[in-house]
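A.B. asks: First the structure, which I've put down as structure tokens, then a few questions once you've had a look.
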Amino acid sequence: MAIKDDVYIPLVTKRSDLKPVEGKHWTRAERKQWAAGLFTGCAVLYACRTVTPLCVAAMAKEMGWDKTQSGSVLSSFFWGYTMTQFLGGYLADRIGGDVILPIVAVFWSMITFWTPQLAHLSTDKYLTIQFIVLSRVFLGMFQGGYMPSSISLLGQFIQSPSRSYYSGLITAGQYAGTLLCGSIGSILLETFGWQSVFYFVGLCSIVWMLCMRYLVIERHRRKYAQPPSVSVSDNTILAEKFPEKKAVPWLMLFVKPAFWSLLVGHFCENNAFYILLSWLPTYFHENFPDAKGWVFNVVPWVVTMFSSVFSGWLADHMLSKGWSVTFVRKFMESIALCGTASALVFLSYTSTYGSALVLMAIAVMCCGFHNSGILVNPQDIAPTHAGSVFGIMNMAGAVPGFVGVYMAGHILEATKSWSAVFNQTAGVCMFGWLVYMIFGTGKQIV
């Protein structure tokens with residue numbers, strides 16, 4: 001017997017006396033299961049998020065909203081989304097993304113499903129707007145925990161060489177969800193009215209949450225959440241599989257220009273993405289009223305879904321060929337920001353439906369390369385704190401969701417000019433690109 005801290009602990013003399021301990025990274029089969037689950041989750045997440053932009057023209061017509069009021073409804077989502085980014089990442093790093101995901105999914109699913117009922121609680125237009133705005137705020141609060149939790153899980157359970165691919169694959173779900181909402185949702189909108197779209201999307205989200213909770217997360221918890229039954233004298237094995245959680249070195253991060261370049265670049269890219277996400281249906285409805293909604297609500301997101309997956313594969317391929325992480329991240333981000341800005345500038349000068357659709361598709365498609373650039377960069381610079389760093393970054397990235405989207409509506413109301421919106425959005429993109437090119441890095445800094 002051996003004495004350790006005044007407690008008798010039996011010594012284990014042979015390695016065979018220990019029960020086998022699983023590795024700390026997901027197996028290939030587990031990676032596929034989680035990739036499928038998180039991809040689908042990202043899809044229903046964005047379907048719930050984009051159902052209001054899809055239906056806002058019909059809702060505004062029925063309830064008598066002007067552009068500024070519609071902008072308030074659209075942007076209110078990001079008021080709540082901003083609040084919970086850091087909290088979601090912190091909790092995911094501390095207690096596990098697998099714990100956070102099903103909880104937040106229950107709430108955002110139910111809010112989406114019951115939105116039509118909230119819209120008819122009162123006949124007063126201004127009171128109805130308040131109800132819708134409040135529901136959008138809570139929707140954003142609960143959805144704010146999804147991406148930080150997903151990034152935290154990828155950082156903990158997937159090895160570095162494969163993270164770009166899986167990050168790109170999972171975030172491609174946001175385009176699949178927008179595609180789902182834009183295609184089926186447009187048909188439901190034209191056939192049964194805007195209320196049916198909310199019921200359909202909310203129900204899909206509830207079904208996903210139940211499948212994820214009992215088919216994927218349950219297995220994960222049985223394997224990874226409980227320490228293996230081994231002798232406490234083999235502290236090395238326990239420490240390797242269940243390392244002690246360390247505090248995030250915020251002071252060290254805040255003095256690093258690379259960290260701030262993440263925030264600025266993500267802010268600028270999201271400004272473009274959220275404006276396109278929120279105002280794309282309205283742009284085509286106003287400028288090309290005879291165009292089919294299921295076309296312009298589908299085409300941009302189809303090509304972007306593939307660009308997101310392709311960018312992840314390309315990033316990992318370049319890394320495997322010896323390119324530095326810093327170069328790969330900046331290369332991807334250059335395509336994202338410069339490509340989006342260029343397409344928006346050309347879009348402001350076009351007047352035909354075909355060219356507008358192509359340029360809008362290119363602008364949104366380039367956004368897909370962001371998923372293998374800045375979006376995955378927190379796992380490079382702070383791999384053990386990826387969830388928390390991503391939460392802070394995404395909190396900054398959510399600000400243009402309410403500032404940019406609202407200002408776009410205000411500019412449209414004041415100037416009646418889509419060119420003004422597209423050109424100022426392009427300018428913001430180029431500013432973010434310049435900052436990230438100068439200060440960004442792919443090296444670990446904490």
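Placement of Cβ uses the backbone N, Cα and C atoms for every residue, glycine included.
For 34-444, the entry in TrEMBL reads domain 'Major facilitator superfamily (MFS) profile'. According to TrEMBL, the transmembrane segment annotation covers 34-60, 72-92, 99-115, 165-185, 197-216, 294-315, 327-347, 353-376, 388-409, 421-439.
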A.B. asks: Count the CB pairs under 8 A between the transmembrane segment (353-376) and each of 72-92, 294-315, 327-347, 421-439, then give me the winner.
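C.D. replies: It is 327-347, which has the most Cβ pairs under 8 Å.
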A.B. asks: At least three Cβ pairs under 8 Å linking the transmembrane segment (197-216) and the transmembrane segment (294-315), pairs spaced 6 or more in sequence?
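C.D. replies: As far as Cβ distances go (cut-off 8 Å, pairs 6 or more apart), the transmembrane segment (197-216) and the transmembrane segment (294-315) do not touch.
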A.B. asks: Determine which residues of the chain contact the transmembrane segment (34-60) at the Cβ level, with the cut-off under 8 Å and only residues 6 or more beyond its ends counted.
C.D. replies: 26, 66, 69-70, 73-74, 77, 101, 105, 108-109, 112, 115, 119, 132, 136, 139, 143, 146-147, 150, 153, 157, 166, 169-178, 180-182, 185-186, 189, 193-194, 197-198, 201-202, 204-205, 208, 211-212, 215-216, 220, 277-282, 285, 297
A.B. asks: Short question: which residues 6 or more past the ends of the transmembrane segment (165-185) have a Cβ under 8 Å from it?
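C.D. replies: Answer is 31, 35, 38-51, 54-55, 150-151, 154, 158, 197, 200-201, 204, 277, 281, 293-294, 297-298, 301-302, 304-306, 308-313, 315-316, 364, 368, 371-372, 375-376, 379.
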A.B. asks: Out of 72-92, 99-115, 294-315, which stretch touches the transmembrane segment (388-409) the most, going by CB pairs under 8 Å?
C.D. replies: 72-92
